[in-house]
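Here is the structure we will look at, set down as structure tokens.
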């Protein structure tokens with residue numbers, strides 16, 4: 001059985017940067033906290049916890065120590081609270097997310113009503129929204145955009161892991177809602193390239209394996225776009241979840257991984273597939 005790994009599977013620039021900053025912070029003396037999971041990989045979060053990094057939902061009673069800001073960013077209020085408490089802040093926010101936050105703030109200050117295209121429940125979006133100083137709403141789809149009221153000036157940004165097609169459809173609806181529209185395409189290039197690679201690979205294989213946390217938006221989207229072309233698509237977090245029955249009648253299997261998936265997890269999955277293949281042929 002041939003195993004084909006997508007070229008850009010695994011850590012993107014922002015995640016690689018964030019994990020490196022987190023592990024460096026964990027090695028220093030003193031209390032270290034992560035304001036939310038550093039990335040959407042339970043396995044990486046567990047390794048940091050073993051090094052003493054405690055994941056927090058909020059700053060609460062924390063009065064000292066180092067706070068690591070996750071790659072998805074946090075709200076402006078949380079960041080201000082950390083500064084007010086004079087905590088040491090290691091800001092591991094992805095630069096692409098940071099740019100979206102800045103765009104929202106600038107649009108808002110310029111008098112635009114802001115539309116954020118994305119998942120309202122995602123921490124990245126909640127952080128981006130917090131930088132608006134005026135009216136702001138989150139739109140997840142073309143249908144939701146159609147329900148927006150008329151507005152004079154609309155400013156649009158996107159969650160970095162959104163698909164370009166969804167952004168395009170929302171923008172087209174917004175054109176019907178306002179006379180003046182300003183758009184910032186804040187979708188990360190790595191997200192678009194990964195999706196293009198994954199769909200190209202899904203067309204040529206008999207089975208697709210997508211590796212990544214079940215709480216990872218970009219991994220979920222990878223699995224969705226692959227499943228549209230290859231029904232035998234399976235999302236997993238670890239090699240232990242692989243079912244040998246998935247590979248019955250399979251000559252070629254494609255493997256890709258979300259932006260928060262470490263290389264060692266990808267290697268374990270590929271090794272497990274090889275073991276299953278060897279057992280079939282022995």
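The backbone N, Cα and C atoms fix where each Cβ goes, glycine too.
Going by what Swiss-Prot states, the dimethylallyl diphosphate site holds 72, 122, 216, 218, 260, and the candidate of 40, 46 recorded there is 40. Summary of the site annotation: Swiss-Prot records [4Fe-4S] cluster binding at 94, 188. Screening the candidates 12, 137 against this entry identifies 12 as the one listed for that site.
When the recorded positions 122, 124, 160 are screened for a C-alpha within 10 angstroms of the C-alpha of residue 188 ([4Fe-4S] cluster binding site), the residues that qualify, in sequence order, are 160. Whole-number maximum of the Cα to Cα distances across the (2E)-4-hydroxy-3-methylbut-2-enyl diphosphate-binding residues 40, 72, 122, 160, 216, 218, 260: 15 angstrom.
The record gives 40, 72, 122, 216, 218, 260 for dimethylallyl diphosphate. Within 8 Å of the mean position of their Cβ atoms, the other Cβ atoms in that chain belong to 39, 71, 124, 161, 213, 215, 217, 219, 258, 259.
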